[in-house]
Amino acid sequence: VELAIIGSDMQEVIGCAIAFNLLSMGRIPLWGGVLITIIDTFVFLFLDKYGLRKLEAFFGFLITIMAVSFGYEYVMVRPDQGELLKGMFLPYCENCDSAQMEQAVGIVGAVIMPHNIYLHSALVKSRQIDRGNKKEVKEANKYYFIESTIALFISFLINVFVVAVFCEAFYDKTNIEVNAKCNASGSPHTDLFPLDNSTLQVDIFKGGVVLGCFFGPAALYIWAIGILAAGQSSTMTGTYSGQFVMEGFLNLRWSRFARVLLTRSIAIFPTLLVAIFQDVQHLTGMNDFLNVLQSMQLPFALIPILTFTSLTSIMDDFANGLVWKIGGGVVILVVCAINMHFVVVYVTSLRSVALYVLAGFLCIAYLCFVGYLVWHCLIALGVSCLDVSCLASRMLTGHNDIYLLKDMDSDTMVERLEEHVGGVVINSDTVRS
């Protein structure tokens with residue numbers, strides 16, 4: 001999950017560097033835009049001093065800028081609404097090869113970012129409610145659900161705007177056609193499009209340029225502002241989710257300054273090297289790869305979330321019911337199947353035996369880890385036959401999820417065991433043994 005967060009931070013750096021380059025009409029080079037993103041760290045820490053609510057308000061402001069910017073592009077381009085609805089509810093991809101499959105899998109990772117799943121859950125901790133009062137908790141859950149639904153729906157609309165704009169504005173256009181249009185509009189980026197009849201290939205940088213050529217300079221600048229706002233919001237969500245993940249899984253309590261400094265340093269170094277020694281195509285290609293990385297790490301967020309929220313020892317009366325367990329399991333299976341299909345398509349496109357072997361080892365390691373998580377998930381959800389080592393504990397306590405307590409400290413474990421065995425006092429030595 002930490003790798004996913006660092007990957008997301010690299011995308012934020014790439015997006016902001018491209019935005020600065022577009023807004024300055026190329027006067028700020030890509031490596032300069034990467035260095036400017038260091039300032040994000042200090043802006044974030046400055047806002048954080050005024051409390052989480054102020055930060056949430058600023059985050060809402062950035063999302064509003066994104067919605068308005070990309071919504072403007074959507075209205076300007078005017079995509080076919082019938083085709084949009086058809087594609088939304090009937091997903092298909094005609095004549096797609098490995099390149100298109102990589103982008104499709106990348107969209108899954110870009111829309112459903114694994115660390116943000118933890119963030120939505122962890123922000124509940126910041127709300128001041130009486131968690132001993134089940135009625136109050138139930139009411140709070142209702143408002144959490146409404147809050148998350150609104151946030152995710154707005155995110156969904158923004159992604160629809162972006163994908164629809166790219167589909168309508170750029171599909172089936174040739175390089176020579178775009179070159180002529182950009183030349184007529186006086187764009188300084190005409191050299192990006194060679195004088196041939198090959199199909200136009202776009203990314204977030206070329207996308208802004210083409211929008212400016214076809215719909216005027218305002219479309220270019222508004223596109224860049226939207227990308228910049230998206231990058232800034234990504235910084236905040238990545239920092240907070242990273243903090244919650246480190247506290248929850250590793251029991252590490254770092255200051256936000258240390259967390260931002262670590263992830264931003266790791267993100268900036270490789271991105272800066274690519275920006276200095278390569279061109280914008282390599283930088284945006286790196287962005288596509290990071291999207292796929294996000295998708296590949298979704299099971300590492302979805303499986304633990306489904307496990308924890310289904311355990312009555314953790315959630316009490318608010319544990320997932322059978323419908324949510326089955327529904328969550330189906331979603332996880334679909335995501336894993338999409339990722340595996342992409343891996344098979346990608347590996348078969350390689351032309352090197354060494355790469356075949358390396359990819360094979362990585363796929364085996366990935367599948368083993370996902371299988372390990374699924375195994376623990378099934379044990380926690382009641383499939384007791386999978387865990388022989390805990391038979392004695394279950395016979396004593398009557399609970400399938402007691403094995404999760406093995407990672408707790410002694411005092412906490414004593415408290416939880418006392419709850420399960422009816423208040424019988426167990427000393428720390430027994431617990432450790």
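Every residue, even glycine, has its Cβ placed from backbone N, Cα and C.
Any TrEMBL annotation is an automated prediction that lacks curation.
Keep in mind it's a predicted model, so treat the numbers as computed, not measured.
Database features, via TrEMBL:
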type: TRANSMEM; residues: 28-47; note: transmembrane segment
type: TRANSMEM; residues: 59-77; note: transmembrane segment
type: TRANSMEM; residues: 104-123; note: transmembrane segment
type: TRANSMEM; residues: 144-171; note: transmembrane segment
type: TRANSMEM; residues: 204-230; note: transmembrane segment
type: TRANSMEM; residues: 261-278; note: transmembrane segment
type: TRANSMEM; residues: 298-315; note: transmembrane segment
type: TRANSMEM; residues: 322-347; note: transmembrane segment
type: TRANSMEM; residues: 353-375; note: transmembrane segment
When counting Cβ pairs under 8 Å to the transmembrane segment (204-230), the leader among 59-77, 261-278, 298-315: 59-77
Recorded stretches the transmembrane segment (298-315) and the transmembrane segment (261-278) touching, at least 3 CB pairs under 8 Å: no
What residues in the same chain, six or more past the boundaries of the transmembrane segment (261-278), come closer than 8 Å to it by Cβ-Cβ distance? 5-6, 9-10, 12-14, 17, 29-31, 33-35, 37-38, 40-41, 238-239, 242, 254, 286
